[in-house]
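Annotated region 'Disordered' per TrEMBL: 1-29, 65-87, in sequence order. The transmembrane segment annotation in TrEMBL covers 37-57, 96-120, 132-158, 178-198, 210-228, 275-296, 369-388.
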């Protein structure tokens, strides 16, 4: 690990393989686009259920379903669990409860990743991720209690966390460009997930049928991995010297040895500790960025309630989520246009966002919800830029034998920040709602 200001290490030997071993240019171009589209779809599908559960958080908590109610929650519920005397129109439980159910299992998975989880074969991990995503949609859709719904959210968290560790580690075996495609796909998941939930419920579809309509996403994830993504060839960093033809085969037909990671399994504890210390200058800013933005999203969104608009409280919450995800998608797709070296600056700006919106919740000085819309869009731009630039910088500054471990380790940053924000947002919600 070269450190945050370190130079790009000599991976060029792996990328500039013997030209005689390379497949023809047309085949290389086809392989490039298969892998680019494959990683974009994997990013999209992996984060989709996670985003949908956060978008549905207000609905999950705002109505206790009665057994036999097959319509799930009304698109715009008038919940009995709200504190209608509060100027915040509070739920009895903060949406941070859904955030914690959606992130704590991911945190456990990512903590285990550097300790050996990333040494398991890839295919079983991908299958498990797909099955958990499908199970989350079904369980929440047919749930009649908040507790069972939260169990479904936990399944979405397991799917997203396991998938992120798996696919970010997998980028170590491909050209670095796939990191940009993966990041753009995860941003697309945020936008499409929030927009689809918002659009379908606004159109009158019940949240239950909205969730069931999304069951094709886990199937698309499995198809993208097994049928579209190709096994890495000798032209890819981290490739294991497979034949040229193997590099152009879908994974389901590949004879690669169970897709076990190559280099990082041989790292000693001392080497892993050295790499980890070099990663701290990226991990700490990313933790701060995600702490601030998810404190806003799940701690303050619900409290940024404007009564003088045509949007109901539930609709305002969904619009906040959608605009945030739109900003994330735009910035996670911007790596080719804008490369940010010093990600600590993004952390500082996101903390300023948090302080400003927290002051507005307390003092109510913003006159219009449209100003909040702009701030939330900007918040998403900062968060997405921090994510994609962090992993891009790590890919540039780590050697090929350390890259897989570095990716698996750094992906804990966002999850740790989100978890801390959820833990603090719960007591803040109760405190503000009791005062108002």
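Using N, Cα and C of the backbone, Cβ positions are placed for all residues, glycine too.
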Other than its close neighbours in sequence, what residues sit by the transmembrane segment (178-198), given a CB gap under 8 Å and a spacing of at least six beyond its ends? 35-37, 39-52, 55-56, 167-168, 171, 207, 210, 214, 318-319, 321-322, 324-326, 328-333, 335-336, 380, 384, 387-388, 391-392, 395
Recorded stretches the transmembrane segment (210-228) and the transmembrane segment (132-158) touching, at least 3 CB pairs under 8 Å: yes
Spatial neighbours of the transmembrane segment (37-57) not adjacent in sequence (6+ beyond its ends, CB under 8 Å) are 95, 98-99, 102, 106, 129, 133, 136-137, 140, 152-153, 156-157, 159-160, 163-164, 167, 171, 174, 178, 181-190, 192-194, 196-198, 207, 211, 214, 217-218, 220-221, 224-225, 228-230, 297-298, 317-318, 321-322, 325
